[in-house]
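Sequence annotations record features per position, and here TrEMBL assigns domain 'Alcohol dehydrogenase-like N-terminal' to A:25-151. The domain 'Alcohol dehydrogenase-like C-terminal' annotation in TrEMBL covers A:197-267.
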Amino acid sequence: MKALTWHGKHDVRIDNVDDPEIVNPRDAIIKVTATAICGSDLHLYDGYIPTMQSGDILGHEFMGEVVETGSSSTLKKGQKVVVPFTIACGSCYHCGKHQYSGCENGNPADNQDIARALYGHPMSALFGYSHMTGGYAGGQAEYVRVPFSDTGPIVIPDGVEDEKVLFLSDILPTGWMAAENAQIEPGDIVAVWGCGPVGLFAVQSAFLMGAERVIAIDHFPHRLELARKFGAETINYEQTDTYDALMQMTGGIGPDAVIDSVGLEAHGLFVDNAIDQIKASTFLGTDRIHAIRQAIIAVRKGGRVSMPAVYGGFVDKFPLGAVMQKGLTLKTGQTHVQHYLPGLLDAIMEGKIDTTFLISHRLPLEQAPEGYRMFHDKQNEVTKIVLKPGQ
Amino acid sequence: MSDIADRPFDDAPVTTAKDQGAAVRIATHETIEDRGHSLTACATTIRRPAAELYAWWRDFSNLAGIMENVERIEVIDTTRSHWVVKAPGGATVEWDAVVTEEEEGRLIAWASAEGADVANSGRVTFDDAGARGTVVTATILYDPPAGVIGKLVAKLFQREPAIQARRDLARFKQLMETGEVATNAMTRKQREEQGA
């Protein structure tokens with residue numbers, strides 16, 4: 001089959017590789033009909049993420065048709081499914097608490113050591129995202145082997161177009177969980193840093209959860225325009241002092257809850273830090289957690305800080321004093337995708353959440369390398385690229 | 001037993017003591033046959049009943065399926081089994097293991113018989129943890145081959161017993177909780193190669 005494979009910094013290719021097979025009883029094989037390039041794929045593209053190997057198949061946002069099932073899979077051939085980017089077993093302590101991204105069993109035992117050294121615990125497995133998170137082949141391919149297929153994938157009703165539901169795989173539940181972690185109460189003013197896909201879904205989610213006002217912060221005019229379409233007020237931090245603006249816009253109180261969905265810059269920390277950790281030295285640049293630092297300073301006393309943005313390592317000058325003195329609550333984490341799927345599918349079907357607005361480009365799988373280049377170089381115009389294998 | 005008096009008001013498992021010499025003395029005095037001076041232990045919680053986990057483990061021929069470095073285990077009789085284990089550099093080491101203590105559904109202790117390539121002893125306990133399932137704790141005492149350098153070499157080849165024990169328990173948990181051992185292999189052939 002054809003698959004988008006990683007070979008090094010800014011080197012992704014379409015390769016012919018072996019078709020995946022059923023390996024374990026709970027597996028299913030999915031014929032991919034739509035898959036997206038995620039902002040976090042760019043960090044692989046930029047060579048920031050350690051434990052990548054040449055030939056790794058990328059892609060963690062994908063959906064498709066079930067073409068083969070293992071003896072313990074509950075899926076049926078011909079079903080259309082969206083697959084969560086987090087691989088969860090459904091049976092361990094964390095899955096029992098619906099904390100699926102804490103799943104203890106999806107990550108092969110040999111891949112658990114690095115994260116244990118870095119974080120104290122192994123991470124759950126993800127599709128197409130380095131060997132530290134499992135080394136599973138991703139979905140930017142014609143076919144994917146999906147482990148624990150009875151727990152992860154959600155079956156999509158007949159006749160629903162792919163583009164409407166594709167983002168259930170990652171960014172929609174991630175934006176939703178970001179808003180949930182902000183513990184929004186009716187009447188709240190919520191500030192969102194970063195108007196990428198996650199931030200834009202967080203804006204929509206915050207309103208659905210009862211926020212009275214949402215203030216969205218970015219520097220790409222097109223992304224601010226999209227945030228405004230969903231009813232957010234906007235701040236362009238390149239031309240405005242964000243803290244001063246937030247204080248005036250909230251009458252000096254500050255936002256009740258803040259959401260940091262920037263993350264992209266923060267990803268750079270990951271490598272520096274992983275390497276530093278391996279070298280047993282721990283220091284990092286101090287300028288890359290700008291968004292979360294600013295959010296903590298701006299949020300009101302007793303406010304909530306939600307951090308869907310990905311961080312990998314240690315930080316300097318983290319305003320811990322502000323967290324304590326202002327009595328803040330900080331919630332974060334990789335998304336428990338499986339937990340949110342049924343509710344969010346309903347929300348899409350009922351028209352409460354708009355998903356397709358995000359898609360700026362559609363390409364056949366063969367043009368995926370070009371897609372990576374575009375996404376990397378033109379973040380204002382390119383909001384989301386959907387790849388369609390077999391077209 | 002003066003070692004215990006040296007750790008007043010400390011309920012931590014003795015295997016986690018910073019004074020490893022003391023830990024080995026206490027462990028070999030209380031619970032484990034004396035077969036070396038490198039002590040390692042790890043614990044995992046498995047959401048299955050203790051009786052079920054014990055029964056699976058007690059059939060030692062099962063263990064090769066979760067222990068990556070074990071080439072094969074031959075069950076000789078109810079207490080004796082022969083172990084063939086991969087060592088660094090493509091070699092194998094062998095020993096006979098003898099069950100020295102067992103309590104149905106609760107614990108299995110063993111020690112290597114005389115003539116072992118790598119002397120070792122230990123115990124696996126299965127403690128009921130209520131709604132959490134069962135806490136499985138493996139404690140292993142061993143004599144690292146060729147001393148400290150042997151341990152370093154083994155670590156390089158990822159065959160160091162402490163690392164292996166943790167991974168083996170992780171695979172045991174996967175199999176018991178999910179019915180399968182997680183793998184990122186895309187094909188059955190790839191999986192076989194990974195197991196090699």
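Glycine too: its Cβ is placed from the backbone N, Cα and C atoms.
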Stretch-averaged pLDDT - the domain 'Alcohol dehydrogenase-like C-terminal' (A:197-267): 93
Per-state residue totals over the domain 'Alcohol dehydrogenase-like C-terminal' (A:197-267) - DSSP helix, strand, coil: 33 helix, 14 strand, 24 coil
Counts of helix, strand and coil residues, the domain 'Alcohol dehydrogenase-like N-terminal' (A:25-151), according to DSSP: 22 helix, 36 strand, 69 coil
